[in-house]
Structures are given as C-alpha cells and as structure tokens.
Amino acid sequence: MKKEEIVKEILELKKKRNAVIVAHNYQVDDVQEVADVIGDSLALSKYCADVKKDVIVFCGVHFMAESAKILSPDKIVLLPEIDAGCPMADMVTKEALIEEKKKHPNATVVCYINSSAEVKSECDICCTSSNAVNIVRSVKSKDILFVPDMNLGSYVAKMVPDKNIILWEGYCITHHRIKISELERAKELRPNAKVLVHPECQPDIVAAADFVGSTKQIIDYAANSPDKEFIIGTEMGVLFKLKRDNPDKSFYLLSQGLVCPNMKKTSLLSVYRSLKEMNYEINLDETIRLKAKKALDNMLEIS
Ligand code: CIZ
Ligand code: SF4
C-alpha cells in the first residue's frame, strides 16, 4: 500500500473504533504526522486520561502505554508493536528493587517514568526528566534511592547537593553512548550553535551543554530562544517538531548514534494493523495499577 492509502485507512479505522492516536516525540515522522497529539510520555498519558475516546493507540514504548493505562483504566490502550520496549526500563525489576530497598530502609524511592508499572508499584514517587530535580527537592528524607537512570540521577544529585542520592546502574543505551569527542566535533563544525542535551546523557556531556532538559523542555527552549542554530543531544525524533515549528532555525543532531531502535519499530503500517486488529492491548493487574498510580499521583500533586 502507498503511504496515502495507509493514512486514509488509518483515519477511517480511527473513526470506526472511536480511537485517538498519540505519538511520542521520538517516533518516526510518518507516525508523528498521523498522530492527534505528539508529546512526552507524561503529557500523552494525561491527554489520554482526559480524552473522550474508547481506544488509545499509543505510539511509543511499552512503559509509556502502561502509564497511559494506569491513568485510563477504562479505555482500551493499544501498543502497535508489542516488542517496542525500553532497555533502560528493563534494567530494573520489581524483585531486584525490593531487595535493594531492604538495604536502604530510610530512603524514599523515586522512580523515573521510564520504568514498568510493576517497578512503579514499589516506588514512593515518580518523576520525569522535566521535573526530577523538583521532585527530589520536595522529598523529606535525605536518602533517596533513584531508579533506574544513573545519568539522570547524577544530574539530579549535582542540582540537589543536600540529598544523598543512591544510584541504580541503569542507563539509556541511546543517550549513554554519546561521546564528548562527538560533542566537541559538533561544536567545531557549528561554533555559533547552542548545545541542548537530555539528562540521560553522561555527566561530561551534560556539563558541556548550554541547556539540559527533557524533550519538551528542549523543544520549548529552541522555540523561545533568539538563537538560530542548535546542536540537539537527544533522540532524533524530536527533529520533526523542531523543524516543523521553527522553519527559520537550523538543527543538527549531536551524534548519528541518537536513534532509539525501539522507538523506530512503530511504522504507519503498524498503526494501521493496530487499529484493524485491535493489537496489542495493554492490561495491568489492578493491585499493581493502583500502587503504581499512587506513585504517579504523588508526582502530579507536586509538579
Ligand atoms: O518521558 C519521556 O517522554 C521521555 C522518555 C523523555 C523525555 O524527555 O520526554
Ligand atoms: Fe528507552 Fe532510551 Fe529509547 Fe527512551 S531513548 S525509550 S530511554 S532506550
């Protein structure tokens, strides 16, 4: 099928199923083009909770569709590619976390939204890359067990030095592999460009950047900045919105390695199949869902 035909089929099926399509900032351009809304995982999950539709097609990775289901238990949440996972989220399991918690009985457990619903169910409060610093500041205890991203955790530790942050050794394979030599080379090539990076990058990259933020914060920064050139240190999918919304500005990817293979599994064809066959439905154990929801609600109360 040609692209236009697939899009037409998707739009018809969307109507028939009373569905909405949401796409993460890291999805391929074709999928972002067909989506009703594009955003980060939390913004999309909140949108899904409020939208008056029966079916949500969540174009992203597994933990994101789970977050949508946590907040929208009565809607059908579909993940078009069931193998689209997040290797970082998989670096912590509920069982391993329960063992680690025993070693730090006085610590508050803060978990990055990039974690499974099961892991969230064992945490006190969630955070995103937008609000991690504020969430950690708001926690009363000095000791904080931060899971699973050690790079985001290190960034937060630097910003909130009065807390004792116990790191988990997880990381995003895509952001973690960026090397300082790549950043230096990019700056040599574009000396006037501002460097905007995600806190999932390693501390040396974060320290050398002009701005550190989540996908939404990077997108907002570029839109509001008087600067015209930017080196982007997060997954390449954000270039879609950056270029679409800022035709007078130039964007350069910090490294060709900034591609998340799991985010790229979802295509227009997968969205079409998902709506046609109602695949793959995300369901959660109700006890887990309620406990995970508590961690998300605790975050939403503060941010
Ligand atoms: O929370 C998200 O959507 C992720 C994984 C990244 C970001 O910075 O938006
Ligand atoms: Fe996970 Fe990294 Fe891919 Fe985000 S970019 S989904 S953190 S592997």
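Positions of Cβ are set from backbone N, Cα and C atoms, glycine also.
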Given TrEMBL annotates S41, Y112, I113, N114, S129, H198, P199, E200, T215 as iminosuccinate-binding, which of H24, H104 belongs to that site as well?
H24
Name the residues of the same chain, 6+ apart in sequence, whose Cβ is under 8 Å from the Cβ of C86 ([4Fe-4S] cluster binding site)?
V61, H62, F63, N114, C172, N262
Have a look at the binding-site residues (H24, H198) and report the one with the fewest Cβ neighbours inside 10 Å.
H24
Cα-Cα distance, maximum over H24, S41, Y112, I113, N114, S129, H198, P199, E200, T215, record's iminosuccinate binders, Å:
17
Report the binding-site residues (H24, C86, C172, H198, C260) that meet this criterion: Cβ distance to the nearest atom of ligand 2 under 6 Å. Use sequence order and write none if nothing qualifies.
C86, C172, C260
Whole-number Å value for how far C260 ([4Fe-4S] cluster binding site) lies from E200 (iminosuccinate binding site) (Cα to Cα):
13
